[in-house]
Every structure is written in C-alpha cells, then in structure tokens.
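*Asks:* Structure provided below as structure tokens; questions to follow.
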Amino acid sequence: LAVSDMLVSISNLAEMLFMLLLEHGVLVMRPSIVRHMDSVIDTLICSSVVSSLSFLGVIAVDRYITIFYALRYHSIMTLQRAVVTMASIWLASTVSSTVLIAYYRSNTILLCLIGFFLFMLVLMLVLYIHMFALARHHLHSISSQQKPPTAHRGGSLKGAVTLTILLGVFFICWGPFFFHLILIVTCPTNPFCTCFFSYFNLFLILIICNSVIDPLIYAF
C-alpha cells in the first residue's frame, strides 16, 4: 500500500513537471514522442491508483481473517500466499491500466473502473462493519460477566471512530473522482456536469492527499 500510494504521488507530480517543461519550451519533442510519454505516465498513474484501491481491499480481508479465523490465520495467510497476492495485484493493475489508457474513450472501460471502486467500497463496508459488530458483542459479553457490570461505551466509541476514519477518508478522497467518471458516462453535456468537470484537478489532489494519509492511518 505504501509503495502504490507513493507511486500515485510521484506519477502525478512527474506528469505535472513534464507538462510544465513542455509548455515553457525547456523540453522539445516530436508530438508522437510526447503522446507516447503521456500514455506511459498515464498508465503508471492508473496502475498505482488501481493497486492502491486493491491493497485497501486486501488489507480489509486480511484483518477480517485475523479476527474471525485467529487460530488458523498463519495457516491461511502464509508468506507464499501473501507474496502471490501482492504480485497478482501489481500484475492485474498494470494490465488493466494499459487497457484502460488504450481505450479510455470507451464508456465500457469507465463503467468497469466505476464498478471496481463500488465493489471495493462495499467490500470494505461489509467487512469492517462485521468486525465492528463482533467487537461490540465481545465488549458486551465481557462487561456482563464482570461484577458489577462495567460500561463498554468507551470501547464501542473507539471502534466507531476507527471505522469512521478508515471508511470516511476513503470515501471523501476517492468519491469525487469516481463521481466525476459517473457523470462522464451519464451526462457529459449537462451544464451541471460540465461545471463539475472543471474541478478535476482538485479530485486528483484529494487522491494524492489520500496517498499521504493511508500509510499513516493504516499503520497507527
């Protein structure tokens, strides 16, 4: 996750620097080479974004296994499986991003990307809420067995705050970008949609901010 988030930021900054150098005449290239370089950088950006989303989903699955299959965790999530999972994500991200950039004008491709985001959002919601519900049940069981019974509101509040931070940051940072893609598919010529499109750079900045925040909130 840290590597893919770092690539999100670096690739966006690389594209910005490349465009600025071209605009100010520092770099002089043939149009065909410029298009090729732009495609390569766009593929890197898209690949890092897709892999970042994928790793967020995989982390949720890993945590779910840790909680619900604690005694079998080390037999389920072996080092070999972890390496295969990571390698598969990078490979799938690179291949899918190459296809996405090659056919980016196709609504089908955009719908696939939107569907991928929604799948990850639902996956994380279901897994984290289930984990939160189990934690509340455990706290309630522990407090009911103690004499006198103790309140478990503090632990539940801490769990709710953690859940809100994880899912809230994810939705706030990624939501506008994917809403932008939805509008491209559904109403590309509508005045409201056109106005929303003008904030595209802001949506990219939110994704870069998420790339800075992710390693912090998932570590601490």
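A Cβ is built for glycine as well, from the same backbone N, Cα and C atoms used for every other residue.
What TrEMBL lists as domain 'G-protein coupled receptors family 1 profile' is 1-218. The transmembrane segment annotation in TrEMBL covers 6-28, 40-61, 81-103, 110-131, 160-185, 192-213.
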*Asks:* Can you name the far-off residues of the same chain, 6+ from the ends of the transmembrane segment (40-61), with a Cβ under 8 Å from a Cβ of it?
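*Replies:* Tertiary neighbours of the transmembrane segment (40-61) are 1, 4-5, 7-8, 11-12, 14-15, 18, 85, 89-90, 92-94, 96-98, 100-101, 116-117, 120, 123-124, 127-128, 170, 174, 207, 211, 214, 218.
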*Asks:* Over the domain 'G-protein coupled receptors family 1 profile' (1-218), what is the model's mean pLDDT?
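*Replies:* Mean pLDDT for the domain 'G-protein coupled receptors family 1 profile' (1-218): 84.
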